[in-house]
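Now, the feature entries from TrEMBL:
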type	residues	note
COMPBIAS	1-16	compositional bias 'Basic and acidic residues'
REGION	1-68	region 'Disordered'
COMPBIAS	38-65	compositional bias 'Polar residues'
DOMAIN	75-163	domain 'IF rod'
Amino acid sequence: MQKGQRHEEEGMEKGRPSKIGYRTTVITRADPDRRSSKMNSLRSSGSNFHSMSPGVYQQLSSSGITDFKGNREKEKREMQNLNERLASYIEKVHFLDAQVKKLEAENEALRNRKTEDLQPIRDAYENELAQARKVIDELGSSKGVADAKMAGLQDEVASLRDM
């Protein structure tokens, strides 16, 4: 290259501003719809990246990573807590279900036992009731006979008085 050409190329780099801006690449592991506000603010102010020194950019990048790691750890703890609560709830439901089945079986056993225990008593009372009904029927018929005799005797006494 000639000396004049080199001087012109250097002048172009310094004298005329470039229309090509700096590109920044931000890699995140989060859902694209849930980007952190720090990343959005950095992205929206992309024109400020060219005015930052590499050390500041690296510091921002490392703080973003630290924030990201902190958020991931927090989310992980929350998920573990929720998993433990869910497991506890499921265990409690299974326990209560087993208790309900146990109580239902116990209730059914008591009903069957009550029926078995009461059956001899029921039979005895039914026999006594049948005997009592038989006695009442016999007394009713004997009362009817006695009433008829008494009516006959009253008629006889009345006819004897009239004489």
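Yeah, the Cβs are placed from backbone N, Cα and C, and that goes for glycine too.
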Can you tell me the mean pLDDT for the domain 'IF rod' (75-163)?
91
For the domain 'IF rod' (75-163), how many residues does DSSP put in helix, in strand and in coil?
88 helix, 0 strand, 1 coil
